[in-house]
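Visitor: Below is a structure I'd like to ask you about.
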Amino acid sequence: MLSFQYPDVYRDETSVQDYHGHKICDPYAWLEDPDSEQTKAFVEAQNKITVPFLEQCPIRGLYKERMTELYDYPKYSCHFKKGKRYFYFYNTGLQNQRVLYVQDSLEGEARVFLDPNTLSDDGTVALRGYAFSEDGEYFAYGLSASGSDWVTIKFMKVDGAKELPDVLERVKFTCMAWTHDGKGMFYNSYPQQDGKSDGTETSTNLHQKLCYHVLGTDQSEDVLCAEFPDEPKWMGGAELSDDGRYVLLSIWEGCDPVNRLWYCDLQQGSNGINGILKWVKLIDNFEGEYDYITNEGTVFTFKTNRNSPNYRLINIDFTDPDESKWKVLVPEHEKDVLEWVACVRSNFLVLCYLRNVKNILQLHDLTTGALLKTFPLDVGSVVGYSGRKKDSEIFYQFTSFLSPGVIYHCDLTREELEPRVFREVTVKGIDASDYQTIQVFYPSKDGTKIPMFIVHKKGIKLDGSHPAFLYGYGGFNISITPNYSVSRLIFVRHMGGVLAVANIRGGGEYGETWHKGGILANKQNCFDDFQCAAEYLIKEGYTTSKRLTINGGSNGGLLVAACANQRPDLFGCVIAQVGVMDMLKFHKFTIGHAWTTDYGCSDSKQHFEWLLKYSPLHNVKLPEADDIQYPSMLLLTADHDDRVVPLHSLKFIATLQYIVGRSRKQSNPLLIHVDTKAGHGPGKPTAKVIEEVSDMFAFIARCLNIEWIQ
């Protein structure tokens, strides 16, 4: 029996907020100040019990050693052409950050173009976004430090990889779009704010602006091109049309797949970009998504979900843009979701569909929309693509649960459009033929069939004896497609585990209908779908509740925390990474206001009632039955997470330890680990990734008594 002495934590019982006549106590509101001595002491006290617990997990050393060994395989991106040169990203295996290489031809010698590993000693400075000028002679790139969303943009001359003096600050959630003359670039920035902006602050991000930077000038001289003073939450990203004539401005209000679309004809203004652009408001509502694909003169092709939840391709003529005049180029598919489209070799379109959570890649004719070819693909995901309108070739990258990656190359100038394997990677030490992946469709509470992938060793007995690791996300129209994960395969190989990934509602797996089925008033469907996935795994003999771990990050952290509250008896272990835990206040911090499109907002009485029912922070209660306790729980967060600020996890763990952890029947640990110089996830250095997964799987092994299998 494990029993814990948790830190004594001050509760401010006078901290009460009134929501529509409901008095809600918030005794740990003081943890919302990341800079107070009290918060720092709280974090230190929590890490003091968690770190030794993790370090004493018997398999942590074995796991970390194996992870370091198996993760040491080469990782490549697709090649992409810019100007006369080819570029690609490559990580030799264990480098903290991947390196950008350049070649003069596909057969030419590869040279390092930009190595982010040289920018910090510990790998915590990461590349976050980049853009080449149209002729491929200039390169803009964003850098973020310690995992923060704040970005500094710098510039290089491509010839000789020469650093330029230009620097752009106060940049976040930015576009990077060069005008075709190569003179400058559109980007987004936020107004100055009080206090610091290093990713440890919690202040809200409002009033994003679109600016134009002229190469060789100071940022103070940049031109303001669009702002929305009456709509502080709006964010507007610019892109240039393929012919360079039009600037297209997509305006988003939150995370819903809907945007306004304004444009400016750069040939109309004779004196260049010197102020707010003359925007034509082509689409001036939030009733659909319009994703620019290409244009032939004034006829523009968009991917849209307007009256087509699975998406279709339409043509809009800017000279006659009334909706009644729109033409359908590729109609909506009744089942498959159109994920992305690219124009290549001037008259082809590459379309990527999602069919039952597996990708399909097709070539169509730009003029007629007709299907020309379906590219052969195994069961899995297309995770990389390159090829633009002016290119005559494409590269695409495939991966699956058991294949780390194959990159294909297809020359579109040939009669026979046959892709060839350009590069294939294998991982030494994991033989894919020992394992199998199956997809099942299990019923949720309301009868909806939910897809789930299950990966396990071939020939296992379904006798309930296996530990299982169930992952889910369920939000923001994001589809969780098959991906290669060494850390999870080690669980399958060396911990005798079963890996399951449930494609619950809220995601985009079946288009906007699936997304809407798991948001706002329907958010409980996500939790029901996930709990039914767990019940399916138990019923079919893969595992038992005591041997089942659930895991999710961000919105998935909310998912697993809510499920632990609702069904503590159903899980043995819960690992919640950077989760959204305070559903009444999330919109007040950094970019949280953008998530109200999925969650709603407690400022509304109706939304407040939905949120209060499942908010992890507000639904912790000691199980009534004597033989039921909370599962072992590990929360993970980090000091520079300015997407989902750490206060969510801090307040939640304090509440768990107070309400549940003090009970004598609660022998399972309730712990948090707060990392430093780390953020929400993007750009995390390899060394930190290895430490994090070693902590996670060591915690699972210790709490569920799992032996290491050599």
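In case you wondered, yes, glycine gets a Cβ from its N, Cα and C as well.
When I checked Swiss-Prot for this same protein, it listed these features:
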- SER554: active site, charge relay system (ACT_SITE)
- ASP641: active site, charge relay system (ACT_SITE)
- HIS680: active site, charge relay system (ACT_SITE)
- MET1: N-acetylmethionine (MOD_RES)
- LYS157: N6-acetyllysine (MOD_RES)
Visitor: How many Å separate the Cα atoms of the residue listed as 'N6-acetyllysine' and HIS680 (active site, charge relay system)?
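Guide: If we compare the Cα positions of the residue listed as 'N6-acetyllysine' and HIS680 (active site, charge relay system), the gap is 31 Å.
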Visitor: Which one of these recorded positions has the most other Cβ atoms within 10 Å of its own Cβ: LYS157, HIS680?
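Guide: Highest number of other Cβ atoms within 10 Å: HIS680.
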Visitor: Tell me, by DSSP, whether LYS157 (N6-acetyllysine) is helix, strand or coil?
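Guide: DSSP assigns LYS157 (N6-acetyllysine) to strand.
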Visitor: Calculate the distance in Å between the alpha carbons (Cα) of HIS680 (active site, charge relay system) and ASP641 (active site, charge relay system), and round it to a whole number.
Guide: 5
Visitor: I want to check the contact list for SER554 (active site, charge relay system): same chain, sequence separation of six or more, C-beta distance under 8 angstroms. What comes out?
Guide: TYR473, GLN577, VAL578, GLY579, VAL580, ARG643, VAL644, HIS680, GLY681
Visitor: Using Cβ atoms only, which residues of the same chain lie under 8 Å from ASP641 (active site, charge relay system) while being at least 6 residues apart in sequence?
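Guide: Same-chain residues close to ASP641 (active site, charge relay system) (Cβ under 8 Å, separated by 6 or more) are GLY147, GLY199, VAL578, ALA678, GLY679, HIS680.
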